[in-house]
Amino acid sequence: MFDNVIRNTTISVLGELHETLFGKYPDVFAFFVCLLHACILGVGVKTSSYMNSFLTLVNLGVMAVIVVAGYYYGNSDNWSSDGGFMPYGTTGIIAGAATCFYAYVGFDSIATSGEEAKDPAYSIPVATIIAMSVVCTGYVLVSGALTFLVPYWSIVPDAAFPAAFAGLDLNWIKYLVSVGALCGMTTTLFGSLYSLPRCIYAMADDGLVFKFLAKVNKKTQIPIINLAISAFLCALIALFFDLEKLVEFMSIGTLLAYTIVSASVIILRYRPTNRGLVRDSSSLLELPTSQADSFEMDMGGRLKPSYKFLEPFFGEFEPGYIVCVSIGWFTSSTVVLCVYIQYWFNIQHVSWIDGIVLTALGTDLILCQFLIEAHEQNSTELPFMVPHVPLIPSLSIVCNIVLMTNLNLLTWIRFFIWMVIGLLIYFLYGMHHSKENDVTSYSVLLSSSEAGKTPWGAINKSRKRVKTEDDRKPIIDNEELADNGYYH
């Protein structure tokens, strides 16, 4: 909008960065913008939400102007000549989707605001679906208007819409679009800085990261220390990385997170609902009959009656264990399949080796789905549940991995460095302080109260899977009752 005045001034004063992993120059302006937004969020959720809502309305209005002006002043020849509507084909669309996936991650803020919602079980799924529908429609219309307005080879990556309208001497729209872009970036930054401290708060409250990050300010009801550290780290990243690297960096992290979420949906759906109960004699003797019956009748993670022929192979495992192994194997096979197709497979020269590899990997995927489907889902009923499990989460895993394999090597290197830092924090601190590591935790299966923790946080003993024919056996037999003086 101002002919790169900020960029040129920064380079003339501070110089350029001559490192491949970083941006071309340190973006000092972005650094202070991140800190400014954090200060506004620190005032309180209500104040920042009013500002965010106003800027969102402005942004939607600007998008409407872009769509109308783009299709009004555009030229249909841009969709038909010199490459047409899809100049780079399906491969180009997938590569672009992998890079621009960051544009759809704003709904994370909805999922992390459960404590502020009056009825989160209903409002969060509905808000997510509405937000995704509106955003998806808006992006399709806006991107279509851009390519209808100018040919794809004339698009300026750093300022696509202002440059497009300026090329047609529509300067008033150029400045309007620039204002809308600033509002859009502001709302995006608000959303990111809003959700990140809440994610870290949940991790700190669980003990995965340092406990002081879970301290909430009594006046603003916001984890101020958490917000300050999160904003400073975000500002540092914005300082040293340019837009292209930030987009790819965020996309790969988001895609991996969504892959883990999809796998978790399947695992939780097939995990027994009573998994957290400590099955010892003292606790079960005190259970009412209805609770004891529900404990025994829970079939989550067990083989379905129609698949009893698999009992000799998988009957000795804990309920839900085979599902966990299957989803892990499914994900691994998908990674190998996508990497093979991306880097080695040539559809114009298919060899017999390609046929063997693709057939083997495809069989793996089908077999994993078969094993998951052979088990019972748990009886948990929630207001909103993902339908058609395990099909939809499995398709999500495949799509995410396909997009991830289309990102470049440097993005994977940066992501690997970031993952190493996170794993070090987990293994050196989080594993030892997590509530999941506590023997009194609801999610730990113990065979007795004497089972302790190993130095790495594992459990020495775990409850052995009870066979179907043993379900009605007494937990304490007559000999034990006699030894304890119950029989006189």
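Positions of Cβ are set from backbone N, Cα and C atoms, glycine also.
Sequence annotations record features per position, and here TrEMBL assigns transmembrane segment to 28-45 (among others).
Look at TrEMBL and you will find 54-73 (among others) tagged as transmembrane segment. Remote same-chain partners of the transmembrane segment (54-73), defined as residues 6 or more beyond its termini with a Cβ less than 8 Å from a stretch Cβ, comprise 138, 141-142, 144-146, 148-149, 161, 165, 168, 170, 173, 176-177, 179-181, 183-184, 186-187, 190.
The annotation transmembrane segment is assigned in TrEMBL to 85-105 (among others).
The transmembrane segment annotation in TrEMBL covers 126-152 (among others). Cβ atoms under 8 Å from those of the transmembrane segment (126-152) belong to residues 60, 63, 66-67, 69-71, 73-76, 78-79, 82-83, 85, 87, 103-104, 106-107, 110-111, 160-161, 164-165, 167-168 of the same chain, restricted to positions at least 6 beyond its ends.
Marked as transmembrane segment by TrEMBL: 172-194 (among others). Counting residues 6+ beyond its ends, the transmembrane segment (172-194) has Cβ neighbours under 8 Å at 1, 33-34, 37-38, 40-41, 45, 48, 51-52, 55-56, 58-59, 61-63, 65-66, 69, 106, 108-109, 112-113, 159, 161-162, 165-166, 227, 230-231, 234 in the same chain.
Taken from TrEMBL, the feature transmembrane segment applies to 224-243 (among others).
According to TrEMBL, the transmembrane segment annotation covers 249-270 (among others).
Taken from TrEMBL, the feature transmembrane segment applies to 321-345 (among others).
With a threshold of 8 Å between CB atoms, the same-chain residues lying at least 6 positions outside the transmembrane segment (384-403) that come near it are 94, 97-98, 101, 121-122, 124-125, 251, 255-256, 258-259, 262-263, 265-266, 269, 327, 330-331, 334-335, 338, 369, 372-373, 377. If you look up TrEMBL, you'll see 384-403 (among others) marked as transmembrane segment.
Residues or ranges marked as domain 'Cationic amino acid transporter C-terminal' in TrEMBL: 384-434.
Summarising the annotation, TrEMBL assigns transmembrane segment to 409-429 (among others).
Distant neighbours of the transmembrane segment (249-270): 98-102, 105, 237, 241, 300-301, 320, 323-324, 327-328, 331, 372, 375-378, 386, 389-390, 393-394, 396-397, 400-401, 403-404, 407, 411-412, 414-415, 418; these residues of the same chain sit at least 6 beyond its ends, with a Cβ under 8 Å from one of its Cβ atoms. Within its own chain, the transmembrane segment (224-243) has Cβ neighbours under 8 Å at 17, 22-24, 26-28, 30-35, 37-38, 41-42, 158, 192-193, 196-197, 200-201, 204, 212-215, 217, 249, counting only residues six or more beyond its boundaries. When pLDDT is averaged over the domain 'Cationic amino acid transporter C-terminal' (384-434), the result is 91. Beyond its flanks by at least six residues, the transmembrane segment (321-345) meets 259, 263, 266-267, 270-271, 301, 314, 354, 357-358, 361-362, 364-365, 368-369, 371-372, 375, 390, 394, 397-398, 401-402, 404-406 of its own chain at Cβ-Cβ distances under 8 Å.
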